[in-house]
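Database features (TrEMBL):
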- His87: Fe cation binding site (BINDING)
- Cys93, Cys96, Cys133, Cys136: Zn(2+) binding site (BINDING)
Amino acid sequence: MVTTDWKSDLRQRGYRLTPQRQLVLEAVDTLEHATPDEILVEVRRTASGVNISTVYRTLELLEELGLVSHTHLGHGAPTYHLAARHHHLHLVCRDCADVVEADVEIAAEFTAKLRDTFDFDTDMKHFAIFGRCGTCTRTAESAAETVAEPAADSAGE
């Protein structure tokens, strides 16, 4: 739900919390990692007249104001989440597309090495690591074993 902090933050910067801005903020809050199209669907549950350009303009403004941030979790549109949440990495499963949030501290040693070696300060809030989740790894291993068993049986005959 939209907090009074967001309202006062917008007002202090000379902006009003319009109904469209409030609906977009609430959709981002509810959906957590959502594309503009997914945010539009959520907003249209309440306000059917809102169009995609309004969502994009609102997200752009809210990101400039530091209220939301985006991450690229694969090909296609970025996903948005509230910036007030702790900074985190996104672990994205290539098989099932599940997204797990991991505290950036888990990568502290890696980012320190980048800083020391390359004099490069990383922006971890836009960082996604792609791989395979545990469930999909076990499923793939089980499928590989099933395929390998008949081949082993026929080789022994």
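Every residue gets a Cβ built from N, Cα and C, even glycine.
Curation does not apply to TrEMBL; its annotations are automatic.
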- [ ] State the three-class DSSP label for Cys96 (Zn(2+) binding site), counting H, G and I as helix, E and B as strand, and everything else as coil.
- [x] coil
- [ ] Write out, in the order they occur in the sequence, the residues of the chain not among Cys93, Cys96, Cys133, Cys136 that have a C-beta within 8 Å of the mean position of the C-beta atoms of the recorded Zn(2+) site.
- [x] Arg94, Asp95, Ala97, Asp98, Arg132, Gly134, Thr135, Thr137
Task: DSSP-derived structure type at His87 (Fe cation binding site), helix or strand or else coil - done: coil
Open item on the list: List every residue in the same chain as His87 (Fe cation binding site), at least 6 positions away in sequence, whose Cβ is under 8 Å from its Cβ.
Closed with: Val104, Met124, Lys125
